[in-house]
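Copied over from TrEMBL, here are the features:
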type	residues	note
BINDING	105, 106, 107, 108, 109, 110, 111, 112	ATP binding site
DOMAIN	100-254	domain 'Phosphoribulokinase/uridine kinase'
Ligand SMILES: Nc1ncnc2c1ncn2[C@@H]1O[C@H](COP(=O)(O)OP(=O)(O)O)[C@@H](O)[C@H]1O
Ligand SMILES: CC(C)(COP(=O)(O)O)[C@@H](O)C(=O)NCCC(=O)O
């Protein structure tokens, strides 16, 4: 299996001129059936709890998609953590280094939803493990810096991230350092939260989700010599895709939820949108979607993606 790219639910694979392919393709039914062959100690109650992570996710979706996905991940994780011969060869016995799973895709494609469901599944199935979750939004420059650099309307584009801090963070995680800190981004205040930190204390698994993790042209010279990209630190990559019409719908829906929530938080960025009528708020969401997130997806993002398992 190693070396293959796995494509889920892509019914029509683009015609290629070869009669061989590096892709394994599953439709929803064949993928869901994989789970039949796996042991699950998850109870129905636990599965229902997972569904509570996002009310838009159905029980069928958890069973058909996320359970087989977490089983697949469990295979890769146990292969990588139980290679005692290799550990003896390298004299690294007993050194537990976090396994990093990267999740990427467009804005509003469901990266954080998927990451939270996987975090919950992987943390107690098939055994208890520590699983931390970090988002690359944490490494966006704060709004005042974006403003100074005239990048406020380029949020999410490669240049809006502090790539040096992000690479340093990943370098520490993969070096097995304890208590590595990262800033916190809030969608509600639309900015980095001052003085708040995430602490990642050498977990068994770290999920990292964000727009930029597979962007191979976005690198940083470590020690001023070695070009390093984010994906160098990632053990397993997941790219989530969906038709743009659906992405737009989900983006607008999330925008309206933020507007409603911000009604109780006058300091929130969305507070001034909450005063608008729903059609006015939808018009603003559509504008942000079309002017920032679509160009990012079409002009920058697709150019940089390579997914390898
Ligand atoms: N599988 C899904 N089915 C239906 N709606 C979804 C699904 N995944 C995400 N959504 C909706 O899309 C919106 C964006 O999801 P989110 O996980 O925040 O995306 P991202 O982290 O990629 O920006 C959310 O409001 C969520 O309810
Ligand atoms: C912070 C983000 C870049 C990250 O996106 P995510 O995939 O977490 O939704 C994005 O939500 C964003 O703010 N884009 C800029 C345009 C906008 O306001 O939607």
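A Cβ is built for glycine as well, from the same backbone N, Cα and C atoms used for every other residue.
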Cβ-based isolation winner (fewest other Cβ atoms within 10 Å) among the binding-site residues 106, 112: 112
Surrounding CB atoms that lie within 10 Å of the CB of residue 105 (ATP binding site), all protein chains: 22
Binding-site residues near ligand 2 among 105, 106, 107, 109, 110 (Cβ under 6 Å): 107
Close in space, distant in sequence - residue 108 (ATP binding site), Cβ under 8 Å, 6 or more apart: 247, 250, 251, 254, 293
Residues within 8 Å of the 105, 106, 107, 108, 109, 110, 111, 112 Cβ centre (excluding the ATP site residues themselves): 240, 247, 250
All-chain count of other Cβ atoms within 10 Å of residue 111 (ATP binding site): 26
Other C-beta atoms that fall within 10 angstroms of the C-beta of residue 107 (ATP binding site): 20
Sequence-distant neighbours of residue 110 (ATP binding site) in its chain (C-beta under 8 A, six or more apart): 240, 242, 250
Other CB atoms within 10 A, centred on residue 109 (ATP binding site): 21
